[in-house]
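Engineer: Below is a structure I'd like to ask you about.
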């Protein structure tokens with residue numbers, strides 16, 4: 001029995017203690033780092049967000065894939081910002097529920113072509129999520145009702 005426990009202990013030392021995850025599910029640090037960087041990435045954008053005056057119509061699909069800037073910057077004072085844009089067409093079905101008609105059409109959307117980390121505007125510190133309580137100058141309580 002002691003030999004078995006010794007063998008198990010040596011095996012754990014060689015392979016590492018099991019973490020409860022299946023091998024292969026842990027993404028390596030460098031991949032996490034590169035995939036989280038500020039860059040263009042496919043993003044689903046709701047059509048009504050880009051065309052808010054079109055609320056009288058339904059669209060199929062209701063959102064479209066476009067490249068948009070996203071990701072993390074090395075400093076909280078920076079934000080991932082588009083430095084290049086162009087227009088792309090996406091074929092959409094526009095449904096008019098009042099007339100009971102639908103038609104295929106091409107709608108234009110802004111797509112980001114380049115991104116970089118730039119200083120946030122003064123009113124945009126922490127993307128509106130400042131963790132400091134402005135009255136006390138200290139961190140905001142996580143559970144203000146406790």
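Going from the start of the chain as shown, residues are counted 1 onward.
For all residues, glycine too, the Cβ spot is worked out from N, Cα and C.
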Engineer: Looking at the candidate ranges 89-117, 118-146, report the one that Swiss-Prot labels region 'Disordered'.
Structural biologist: 118-146
Engineer: Could you check which of these recorded positions, 25, 38, 80, 115, sit within 10 Å of residue 73 (disulfide bond), going Cα to Cα?
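Structural biologist: Hits: 38, 80.
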Engineer: Among all protein chains shown, how many Cβ atoms are found within 10 Å of the Cβ of residue 80 (disulfide bond), not counting that one?
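Structural biologist: A 10 Å sphere around the Cβ of residue 80 (disulfide bond) contains 19 other Cβ atoms.
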